[in-house]
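Database features (TrEMBL):
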type     : residues                       : note
ACT_SITE : Glu297                         : active site, charge relay system
ACT_SITE : Asp301                         : active site, charge relay system
ACT_SITE : Ser512                         : active site, charge relay system
BINDING  : Asp554, Val555, Gly589, Asp591 : Ca(2+) binding site
DOMAIN   : 222-611                        : domain 'Peptidase S53'
SIGNAL   : 1-23                           : signal peptide
Amino acid sequence: MVRPHLALHALSILVSHPWIGCASSSTFESLRQVPRGWTRIRSAGDTENVRLRVSLKQQNLDEFYEKLLQVSTPDHPQYGKHYEGHELRSLLKPSDEASATTISWLQDNNVTDILDVGDYLMFRTTVGTANKLLDTQFDWYRGEDGEQTMRTTRYSVPQDVAAHINFVQPTTRFGTAKRLASHVSIVDTGAPADGTSKWVSAAADNFKVNAANAVDAACNTAITPQCLFQLYNVNFKADRAGGNSVGYASFVNQSARFADMAKFEQVYAPYATNRNFSVVTMNGGINDQTSQANSGEANLDQQYILAVGFDVPVTEFSVGGLGKLVPDGESPTQEANSNEPFLEWLIALSAMDNSKIPNSISVSYGENEQEIPLSYATQVCNMFAQLGARGKSILIASGDSGVGSFCQANDGTNATRFQPQFPASCPYVTAVGGTQGIAPETAAFFSSGGFSNVWPRPAYQEQAVSAYLRTGGNNFTGLFNAAGRGFPDVAAQSVNYRVIDKGMDGAVRGTSAAAPTFNGIVALLNSARLQSGQPTMGFLNPWLYSNAAAVMNDVTTGASTGCDGQARFHGKPNGSPVVPGARWAAVPGWDAVTGLGTPDFGKMLAISSPNVKNEGGVISA
């Protein structure tokens, strides 16, 4: 029996790679070996139950990408004419043949309990049936932490089915893992969050914003919302009732804390007192206000999006689960996996009406591009693109590994290579790099950047990136893909952010601070556009590389580093090949460490909403 789609559930998804095999069936996905840290216990019994999912290929992707660029390019007649979710689902719906062929394959192999959810088929069966269906052997494995899971190391599908699907999962995905994201380094300053200490009292006195926009010297050692207003020329207050919204994603069991938000407002953003945020849980995500688990990233995102993007309503998406891993030097086993479940989150978002999805969303998580299976990365990037076509801006932290931390390919060659970061390398998101210092801003040594090994360079950035490669950015030929999508696109401050976490005042660094800051800026731009009767910004990059490039604060000093045989921040040896002097330097124009530069909100506002003035905010005479 095939049950129709009743509701869209967040799915636990992995992605496969088809391989040419025999005429009737071919190996669709395989692991080179059982991931380190896992031990086979026994074969799974034929009568044990298993639940699997099949991802179906979408149609009309070329047409979709053309439409995306039309609504995102400022001088195009369709600019700003964004699509509703149901319009994109109709355009991209898998073919009837894809669905029918796959369902017939399942039914012909005695699978009867099938749920059709459009792009996916979910089914329940026994291990014995699944083994025959996929020409595989499911086994039980035990991880180092004692966790047991049923998996296989390879599976096959008929070639006529392979032509219509992306993957069948969970099959080769092993285990839960520790977190690996854009690093949040919280340093306890000893300053209590109640504002009574000398340091915090001094902060309250020192961080005054003035009409001349002179940046206070105190911002050299501590970044607060007021520092960012000064640095980035922000004196605009959004209309809370103007219909705008802003959001961010929290993964790996993190959730922001209401009490910490209130304390942050008290100490660092008194203009925002009594403002709070909404939480939407997805895929088993949590909203635990009392846990002692890590909440630093979520609090950082929440506190600076709300404070910089004041007074736009904020939503946190708390997403549970882990994504697919291809082992490499930094995450050598599935036991070390901490890939975020981007696809599960995006599936849930895609089912929502446009009015329910924030107009700009930031993500402060990522991993080495090579750790992500090609099909998985492609689908995630495609779904980010769909959000752009619906008028949503996606801001992604570029990462904290500079040119790369573990600079070795995981394709079996062990070649020395710089390591681009995902999803920052997706050409349909806006990747945000990191800066530090105030006079001038300089590139942060850890700010990830470079060139994708998956996506070619998009036309919107061809001129800017090619200029960088011609004028000194091509010093490490052979270690990166000079034809790839260049990232980051922009940058923002990323060092010494003051954050309240579990009631304590601390300092934070990482591009995971830059992304929510830039998200706050975009939220204000969107509010101004809605105020003046214009559509939201949507996919930002074509606008950034054309209209906005000339008004950004160009960062021309500093460089990122990496490939030095040491892990970022703590400096422990990591076994990486060493590339002497490896770096991406900041130069005039676009560069692979700070992109086009940091925001000048006043100038960006003038070109995006000429009739709206940069006034009404917290800057005082």
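Yeah, the Cβs are placed from backbone N, Cα and C, and that goes for glycine too.
Where TrEMBL records a feature, it is marked here on the structure.
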| residue | record | DSSP (3 states) |
| --- | --- | --- |
| Glu297 | active site, charge relay system | helix |
| Ser512 | active site, charge relay system | helix |
| Asp554 | Ca(2+) binding site | coil |
| Gly589 | Ca(2+) binding site | coil |
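Taking Cβ-Cβ distances under 8 Å and a sequence gap of 6 or more within the same chain, the neighbours of Asp554 (Ca(2+) binding site) are Pro588, Gly589, Leu596, Gly597.
Rounded to a whole number, the C-alpha distance linking Asp591 (Ca(2+) binding site) with Ser512 (active site, charge relay system) is 19 angstrom. The CA atom of Asp301 (active site, charge relay system) is located 8 Å away from the CA atom of Ser512 (active site, charge relay system).
Within 8 Å of the centroid defined by the CB atoms of Asp554, Val555, Gly589, Asp591, the record's Ca(2+) site, lie the Cβ atoms of Thr556, Ala586, Val587, Pro588, Trp590, Thr594, Gly595, Leu596, Gly597, excluding the listed residues themselves. For Val555 (Ca(2+) binding site), the same-chain residues 6+ apart in sequence whose C-beta sits under 8 angstroms from its C-beta are Thr435, Pro440, Glu441, Thr442, Ala443, Ala491, Ala586, Asp591, Thr594, Gly597, Thr598. In this structure the C-alpha atoms belonging to Ser512 (active site, charge relay system) and Glu297 (active site, charge relay system) are separated by 7 Å.
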